[in-house]
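Undergrad: Below is the structure I would like to discuss, written out as structure tokens.
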Amino acid sequence: MKNIHCINHPLIEHKLGILRAKETKPFQFRMLIDEISSFLLFEASKDFSLKEIEISTPIQKTTVKKLDEKIMICPILRAALGMLESVFKMIPDASVGFLGFVRNEETLKADFYFQKLPKDAKKRTAIVIDPMFATGGTAIEACNFLKSQGVKKIKFISILAAPQGLKKFSQMHDDVEVFVACIDEGLNEKGYIIPGLGDAGDRVFNTL
């Protein structure tokens, strides 16, 4: 699966260990989600195009480089809201396109209930964020929708992923690069990532 990138880094592994622990408090959990998301964004943005512009330093004029892509961050509600601020800090000029999915606990499929994209979405590079990449259903439907709206370039960032979901996704969207901090063992009978970290949304918003 050439489109799947698992980012190996000692600091990511250290932070993941704390993130997984059930004793980790909500404010710590949010901070760790934010920090790990920043690492993943660095990797996902390596091929972003740049343009040269002329500026004046306090000493003289010089040529510098500036991002030459219009970015749209697409958080999948609600858990991905915990990742949004870290991406905004790195790309403050980005627009946000919200995608709402709710998991059907009987079928384990993702039901699409809300979307709000910028008017120029088709001209933007989409960075879809969702902390958990489990069955792949939500990721597939999110990319299906974005492509139906004319979005040409999509990247996906997740904290944890299950191999089953990544394989299924790659079969449907091999043109979408996925960046994850860790690929876990798999899924349990309820479709949750194991060993995982629990319900990311509940832990971010302290609704356990």
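Placed from the backbone N, Cα and C atoms, the Cβ positions cover glycine too.
Okay, so Swiss-Prot annotates it like this:
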BINDING   R78, R103, D130, P131, M132, F133, A134, T135, G136, G137, T138, D199  5-phospho-alpha-D-ribose 1-diphosphate binding site
BINDING   I193, G198, D199, A200  uracil binding site
Undergrad: Does DSSP give M132 (5-phospho-alpha-D-ribose 1-diphosphate binding site) helix, strand or coil?
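TA: It is in a strand.
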Undergrad: Cα-Cα, whole number of Å: I193 (uracil binding site) versus A134 (5-phospho-alpha-D-ribose 1-diphosphate binding site)?
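TA: Answer for this pair: 6 Å between alpha carbons.
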Undergrad: Around the uracil site formed by I193, G198, D199, A200, which additional residues qualify by having Cβ within 8 Å of the site's Cβ center?
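TA: Apart from the listed residues, the neighbours are A79, P131, M132, L160, Y192, G196, L197, G201, D202, R203.
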Undergrad: Which whole number of Å gives the largest C-alpha distance between any two of R78, R103, D130, P131, M132, F133, A134, T135, G136, G137, T138, D199, the residues noted as binding 5-phospho-alpha-D-ribose 1-diphosphate?
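TA: The widest Cα-Cα gap among those binding residues is 17 Å.
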Undergrad: Within 10 Å of D199 (uracil binding site) (Cα-Cα), which of the binding-site residues M132, A134, T138?
TA: M132
Undergrad: Should T138 (5-phospho-alpha-D-ribose 1-diphosphate binding site) be counted as helix, strand, or coil on the basis of DSSP?
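TA: DSSP assigns T138 (5-phospho-alpha-D-ribose 1-diphosphate binding site) to helix.
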Undergrad: Using DSSP and three states only, what is R78 (5-phospho-alpha-D-ribose 1-diphosphate binding site)?
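TA: In three-state terms, R78 (5-phospho-alpha-D-ribose 1-diphosphate binding site) counts as coil.
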Undergrad: Identify, in sequence order, the residues in the chain of R78 (5-phospho-alpha-D-ribose 1-diphosphate binding site) that are 6 or more apart from it along the sequence and have a CB within less than 8 Å of its CB; answer 'none' if there are none.
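TA: Residues satisfying the criterion: G201, V204, F205.
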Undergrad: I need the CA-to-CA distance for M132 (5-phospho-alpha-D-ribose 1-diphosphate binding site) versus A200 (uracil binding site), whole Å please.
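TA: Taking the Cα atoms only, M132 (5-phospho-alpha-D-ribose 1-diphosphate binding site) lies 7 Å from A200 (uracil binding site).
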Undergrad: With every protein chain in view, how many other Cβ atoms are within 10 Å of the Cβ of A134 (5-phospho-alpha-D-ribose 1-diphosphate binding site)?
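TA: That number is 27.
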